[in-house]
Amino acid sequence: MSSSHGYRASWWTYILHQVPHTNFQFEVVDNQFAPQEWPYQQALLFLASIAGLCLAISLILICVYLIRFCCCSSQEDDDSKSHRVCCVTWSCVAAVIICCAGIGIGFYGNSETNDGVYQVTYSLMNANHTLTSINLLISDTVELLSSVVRSDLTQLEEIFSKRTEFLVMIRNTRRQVESVAQQLAEISFWKGPEPNPNALAEQVNFIEDYRWLAYILLLLLDLIICLFTLLGLAKQIKWLVIVMTVVSFFVLLLSWGSMGLEMATAVGLSDFCSDPDAYVMNQTQAITNINPDILQYYISCNQDVTNPFRQRLTMSQRALSNIHSQLHGLEREAVPQFPTAEKNLLVVQGMLNTTEGNFHHLVALLNCRGLHKDYVDALKGLCYDGMEGILFLLLFSFLSALSFTAAICSLPRAWKRFQNRDLDYDDMDEDDPFNPQESKRFVQWQSSI
């Protein structure tokens, strides 16, 4: 489980993480998240192939039912046919209602997944902003210190060249300034390698936009099929029901296919979310070559992990204090004797004030709480909202596949019964919800009131 403060793997993550991981040779594979390794990829593909097996079973059931329908329908008596027509019609209606319920679940799951991915991209952009701010603050401060060393401190050395005690103080100040610049330059741990957090956020957002749109189109397609199927049954439009039956067959393939993809994604995501710290550390270090101590500091952010920048920050703080003391002594003792040095000392003092302000801002940015919060928010978005959304999408695909399987089996019998609806209605069951005679009686009864 993750040791990150503020994140704990959910119970559904734990359950999915315990799903057996088996490769194509039916050998058990380690469930540690390793998408770059072929055995782990085989395990996810094996899970996805379960949906393919379900598709094959549903196709066999459909074929068996249709063969039985074509061969045995003529042998049924009138009472049996009438009763079966009513059952078939209600079966179609029930399948459509279940499919509509699944569509509602799918819309919710798609929205939850999108919210989770949006939280991930937002956290990545925040982290990128923090890292960029650290680099800019360090580079600006180092440039400011270097410019003061090249100009004002060099001029002060020339002014105090004949006074050894003042010259020693200026040279000590120069060494302290150079030391601060060196310490700050070594703190900059993120050199902006690709992919940086912002580039990763853009890539994730790009993929999510197309994923969200694809599911919206699939959900709308399912909804349109359900509505037109109900319309065809209610109006007894044979050609419309036939078209919806054919389209339902293709959507059945999409439903089982999406279910396989969602099943593999859910299990893979649970493997990552059960222990994200190790994978994030290994991948980040492999890509960026950042010191492992720095990564551990920001990922864990607890009292057991020491701040890797503490020594450099402490040395820089002491150097700034020494510079302040030396400048105060020069202003008190040297300015009365060398009035021309006052302007340069004021410039150096302004540099010191600016550097101290930047230093305190840098200390706040380097604190682990900011980047760790972004890290935890990204984990929560991916492993809470994202995982929940994928599970709801998985349920949608399953309900949709079952509904379309039932509809494909039921609709042929339904359209066969109302193909001659204009000829005779006497053999239709009165309990049929779409009986035209019953509809006419209801209209006549309303008009007589």
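Our numbering is plain: 1 for the first residue shown, then up by one each step along the chain.
Glycine too: its Cβ is placed from the backbone N, Cα and C atoms.
Taking the topological domains listed in Swiss-Prot, M169 lies across the membrane from A414. Looking at C226, C301, C368, C383, the record from Swiss-Prot puts C273 in a disulfide bond with C383.
Each of C226, C301 is a candidate, yet Swiss-Prot gives the disulfide link of C368 to C301.
Across 44-64, 87-107, 213-233, 389-409, stretch 389-409 shows the highest tally of CB pairs under 8 A with the transmembrane segment (239-259).
Summarising model confidence by region, the topological domain 'Cytoplasmic' (234-238) averages a pLDDT of 82.
Here N128 (N-linked glycosylation site) is positioned 14 angstrom away from C368 (disulfide bond), judged by their C-alpha atoms.
Take the recorded positions R163, C273, C301, N353, C368: by the count of other Cβ atoms within 10 Å of each Cβ, the lowest one is N353.
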